[in-house]
Amino acid sequence: MPRVSAPLVLLPAWLVMVACSPHSLRIAAILDDPMECSRGERLSITLAKNRINRAPERLGKAKVEVDIFELLRDSEYETAETMCQILPKGVVAVLGPSSSPASSSIISNICGEKEVPHFKVAPEEFVKFQFQRFTTLNLHPSNTDISVAVAGILNFFNCTTACLICAKAECLLNLEKLLRQFLISKDTLSVRMLDDTRDPTPLLKEIRDDKTATIIIHANASMSHTILLKAAELGMVSAYYTYIFTNLEFSLQRMDSLVDDRVNILGFSIFNQSHAFFQEFAQSLNQSWQENCDHVPFTGPALSSALLFDAVYAVVTAVQELNRSQEIGVKPLSCGSAQIWQHGTSLMNYLRMVELEGLTGHIEFNSKGQRSNYALKILQFTRNGFRQIGQWHVAEGLSMDSRLYASNISDTLFNTTLVVTTILENPYLMLKGNHQEMEGNDRYEGFCVDMLKELAEILRFNYKIRLVGDGVYGVPEANGTWTGMVGELIARKADLAVAGLTITAEREKVIDFSKPFMTLGISILYRVHMGRKPGYFSFLDPFSPGVWLFMLLAYLAVSCVLFLVARLTPYEWYSPHPCAQGRCNLLVNQYSLGNSLWFPVGGFMQQGSTIAPRALSTRCVSGVWWAFTLIIISSYTANLAAFLTVQRMDVPIESVDDLADQTAIEYGTIHGGSSMTFFQNSRYQTYQRMWNYMYSKQPSVFVKSTEEGIARVLNSNYAFLLESTMNEYYRQRNCNLTQIGGLLDTKGYGIGMPVGSVFRDEFDLAILQLQENNRLEILKRKWWEGGKCPKEEDHRAKGLGMENIGGIFVVLICGLIVAIFMAMLEFLWTLRHSEATEVSVCQEMVTELRSIILCQDSIHPRRRRAAVPPPRPPIPEERRPRGTATLSNGKLCGAGEPDQLAQRLAQEAALVARGCTHIRVCPECRRFQGLRARPSPARSEESLEWEKTTNSSEPE
């Protein structure tokens, strides 16, 4: 069977008239409130009847007639007597009453026996024990749906602790779904029942002492309003309390007496204000109210009047659809007979299929006769009255408009002065240098002060900074109370706690936190002994003195071996005149003692040498030395940068395990801080051992403030356990402090608020906005960077100063001085052994210096100062070997004419190395020094003459 659907605006015409009365459709309404000014139920029924009868589409002459009966009291006897008066009139349905649960039960039972439809408009009572008749339909939303809606709101606000105030014992049954939700989630829900005095003051005081911020009130509208007024007298109507009223008419109450409009008051409503007739309906009730009840202002239509209006339309719509399929007739019934209405069951089936939009929203019933597929509007109290911020639908659940809810809170924050509790702690909050000359918030500066300014600019609120009385962050006492800033928030003495307040699970149970504005962890701060700073000769540090000594010995050993090997191998001896092979008996060896010492130096300095080894043995020595120098130079270069730039630190511990495994270094944390709580509650074995040590150590290793802990670190063998942000701050300002290891945990700093504060979401959004704009990072850099110590994580190349590499300049200067001194000695030595002249040594020195200063040509005559040595006695010719010449060093040199060669060599005294085996032979071979006599074959006169000419061709 298709569902019956009809618009409420234009009701279709009747197709068939009822048999017993072709001109009327009779409905009975029972009202239990005879005062018209109280609810307007009589007027609403009249408005519905007249609107239906005036419908232009109505066909025929049938009209709707509503007979109204009044109950003076909630009496079963009076109710039964009234029903016996209604049944003989031949009604198609009975409406009401709007209250009186006992009367409603009697009416439902009688209608069920006679199979006459009954519409209930009152809240259901005794859900567990009341039997719902098939003929009974309830237009009022069920308490089960309301309890589910309340649970959804609590879940939306993340509420884990609440209190339920019941006006009657039946509320525990009516709100069973809500209680079951708390049982499943294991959250805390305390239930308090009003006593017979109906005075809610004692209950409210208990709730205030328990610090419960969310209060659910299940009572009628008048009692709910009374409870709210009493709460205002006790100071419980503020921004830290949330009230949820289950009564659907609470939004009609006047809130003029509320002083603090920041309180979060939520209620429900099912009025469909978008209905075309709603405004006319409300105006009609208002006009009637003004005529009959001018002593009380009109606040809005009562829910029962709107439900009765919709009930009339639902009955007419169902009768219309039933007449489409069959002709129905209504006959009088009697309480004294067992006769029933034969069309009652059919009409009930059509009533259960009705779907229409009424003054109370969508009207539809389920198989149990309860209203379904409708929505409860969620209202929030504002400065301008109640405003819808969401809805709860039977099928779709809760849907909240967070934007509207947040805007209401923003309006509440606008121009509101919040009390901020805080604590003096660098760099979060500090007194200015001239704070005595200032007052109010201007006395303070720091990270938290700047952050408060940013938040106040975004949320448009005012604030007053106040230092916490006991100077601590907050720890629980043995009696359950809290100290410090946490205690002030619990006592509602402050609105915000802005400081380095750590978010912990224990604190989260008693106060609310915003999202963290800074992430950190526990770290270890310790004093270090700085090693020796890089000095002038720090370029020698990459190698130890022993290595330098062994390198010197290796150099001398290689030089000696090279000199020995070069002398032994015949391949290092060669003719200085390769173009005159066979005609010159001179052999030259380039590895003199000086060259043997110079060649390793060139290889070690990676500059090379003009001396190249010829023999395989000398090349082997050279290759081994080069490989040795390659490794040495590479190792030196790799370590040089570190030794020139890094100032090594002497730290006896490197991790938290090292700290826990020793007893020489004391360690502790701030007493009453979150770090102390962390070690106290930790289950990690290492941290448990550390807590046992700190707890039992005497004298105490706990400190009262961060400054005291820093002073103890600097003045004694003490390691301080504190947050990493404070660690970084003090390390930036004292280079003797360092962090040991990494973080022991991860946590955050948040803004503390009293439980239930409606401002938390607003501050969360503001903090996220500051983080996205990088404002918090900018503020941290402003207050953390001290500039005294470089960042440890900065690995960029840094310029070296004279204190790092000054020693190499000293070596260079000393080398230059030694070279100048040696040049002077060589100059004097040459003058002493030159041919004698009349010029003195000093004059020669002055002349040479003048030519150096004037940059004259590098050509001057040979110096002669020393007396000419007497000629050597001629060697007897019979003692001279034929075809050889004797040099001054005793070596023999072959020549064509011995006398001429000897005379030539005597004249070229500068070319003869006295006491040595070397001599320069020709211009092309000036580098060849070693001369060695070898057997000379018989030569012709032409060969000897050519050699003579060749050896005598060297210029002066």
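Heads up, the Cβ atoms here are built off N, Cα and C, so glycines get one too.
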| query | Glu454, Glu723, Glu728: which one does Swiss-Prot list with Gly500, Thr502, Arg507, Ser674, Ser675 for the L-glutamate site? | reply | Glu723
| Do Asn292 and Cys735 share a side of the membrane, as Swiss-Prot has it? | yes
| field | Any further residue of that chain within 8 Å (Cβ to the Cβ centroid of Gly500, Thr502, Arg507, Ser674, Ser675, Glu723) of the recorded L-glutamate site | value | Tyr473, Leu501, Ile503, Thr504, Gly673, Lys747, Tyr749
| said: Using other CB atoms within 10 angstroms as the count, which residue among the recorded positions Asn415, Thr502, Ser675 scores least? | reply: Asn415
| task | Tally every other Cβ atom lying within 10 Å of the Cβ atom of Glu723 (L-glutamate binding site). | result | 24
| note | The number of other Cβ atoms within 10 Å of the Cβ of Asn220 (N-linked glycosylation site), counted over all protein chains shown, is 15
| query | Reduced to three states, what secondary structure does DSSP give Arg507 (L-glutamate binding site)? | reply | helix
| query | In Å, rounded, how far does the Cα of Asn158 (N-linked glycosylation site) sit from the Cα of Arg507 (L-glutamate binding site)? | reply | 16
| task | Could you measure the widest C-alpha to C-alpha distance across Gly500, Thr502, Arg507, Ser674, Ser675, Glu723, the residues recorded as binding L-glutamate, and give it to a whole number of angstrom? | result | 17
| C-alpha spacing of Glu723 (L-glutamate binding site) relative to Asn272 (N-linked glycosylation site), in angstrom | 56
| task | To the nearest whole angstrom, state the Cα distance for the pair Ser674 (L-glutamate binding site) and Asn736 (N-linked glycosylation site). | result | 26
| query | Within 10 Å of the Cβ of Asn272 (N-linked glycosylation site), how many other Cβ atoms are there? | reply | 22
